Amino acid sequence: MAKEKFERSKPHVNVGTIGHVDHGKTTLTAAITKVLAQKGGAQFLAYDQIDKAPEERERGITIATAHVEYQTEKRHYAHVDCPGHADYVKNMITGAAQMDGAILVVSAADGPMPQTREHILLARQVGVPYIVVFLNKVDMVDDKELLDLVELEVRELLSEYDFPGNEIPIVKGSALKALEGDKGELGEQAIFKLMEAVDAYIPTPQRATDKPFLMPVEDVFSISGRGTVATGRVERGIVKVGEEVEVVGLKATAKTVVTGVEMFRKLLDEGRAGDNIGALLRGLKREEVERGQVLAKPGSITPHTKFKAEVYVLTKEEGGRHTPFFNGYRPQFYFRTTDVTGSVQLPQGVEMVMPGDNIGMEVELITPIAMEKELRFAIREGGRTVGAGVVAEVIQ
């Protein structure tokens, strides 16, 4: 069968499989490609091709991730699957693979296990907005009551972490049966049902250009007779010439008007998400704007110093610390384009944090940064990355 060409007309959604080790995440990923390949919506990838995921480096952290793509009648999907638990933790915290929704795989034979809980918590902390459940290996459970009990347990666990446990679609099946070509309701039918649930339940994400304008400032210079120019890559939204923007972070928020947008030395009417631009700012002196601040749509983002974070601490092998750190640890936190010193408060009962750990913590910065939930950052000591984190909650 001829391969369909990549359809740009379909909405694109990023998903991934999460769940406890050996509950069948990779088998399910392979099964999805096999079943959809029959309709020309995927290229079949065997378990081994997915499991031998190449290692990538994201901000100096080694993560093994398999990237698979497939399409349903409605959408095009990019799907990530990680071989090991540590890879999931790193992936979700660094945002290396942003997920618009996740497929939580739970073995019906075992029920929810420690990593099931941990992945749900991580999904909540790092801002994975939707979860669909695949209850796997149901052919190994003869007792229907037991099956209902496992489903109830999964729903309660999701609710415990503020996901709508009662509304979340749970599809029952056997990924292995589907992979072996079984056409029955636990095999192929279950995969189609799962994809229908993913299509319907996980909304198409908002495009970057539809979000409020934000541009991290990378450089500032003055052009004689014209004023101050801030350069950087537009992270989201659109800025039009003549629009008011706020300069947020590091000092008191200032308002200004963008009187010109330049790209590749040409003047434009607007700058869009993904563009590297120079924005000419009215009435601001060169020293009033600096790297580390952001230009943003007025009122869309505010400066903060205190926040809760979910953090992964690099191992020695990844070039991280060789020793643990303790309460009151004061490294630099690298947000977007600059480092800010901050102090760490560990959760009660946690004495120290070892390289390779992931941990929730509270941080207080010495100067405010334009901040919102889900913002990623690096933890550095003298320019060397020793950790990666994500803002789970802004405190003040």
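These residue numbers are counts, starting from 1, taken along the chain as shown.
Positions of Cβ are set from backbone N, Cα and C atoms, glycine also.
What Swiss-Prot lists as domain 'tr-type G' is 10-206.
Under the heading region 'G1', Swiss-Prot lists 19-26, citing similarity to another entry as support. Sorting the region 'G1' (19-26) by DSSP state (H, G, I as helix; E, B as strand; all else coil) yields 2 helix, 0 strand, 6 coil.
Counting every protein chain shown, the Cβ of Thr26 (Mg(2+) binding site) has 23 other Cβ atoms within 10 Å. Under the heading GTP binding site, Swiss-Prot lists 19-26, 81-85, 136-139, citing sequence analysis as support.
Among the features that Swiss-Prot reports, Mg(2+) binding site is placed at Thr26.
As annotated by Swiss-Prot, region 'G2' applies to 60-64, with the evidence given as similarity to another entry. A mean pLDDT of 87 is what the model gives for the region 'G2' (60-64).
Feature annotation from Swiss-Prot assigns region 'G3' to 81-84.
Residues or ranges marked as region 'G4' by Swiss-Prot: 136-139. Residue counts of the region 'G4' (136-139) by helix, strand and coil are 2 helix, 1 strand, 1 coil (DSSP-based).
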Identify, in sequence order, the residues in the chain of Val138 (GTP binding site) that are 6 or more apart from it along the sequence and have a CB within less than 8 Å of its CB; answer 'none' if there are none. Ala108, Leu147, Lys172, Gly173, Ser174, Leu186
For Lys25, His85, listed as binding-site residues, tell me which one has the smallest number of other Cβ atoms within 10 Å. His85
Outside the region 'G4' (136-139), six or more residues from its ends: residues with CB under 8 Å to it: 23-24, 27-28, 105-109, 147, 172-177, 186
What DSSP gives for Cys82 (GTP binding site), in three states, is coil
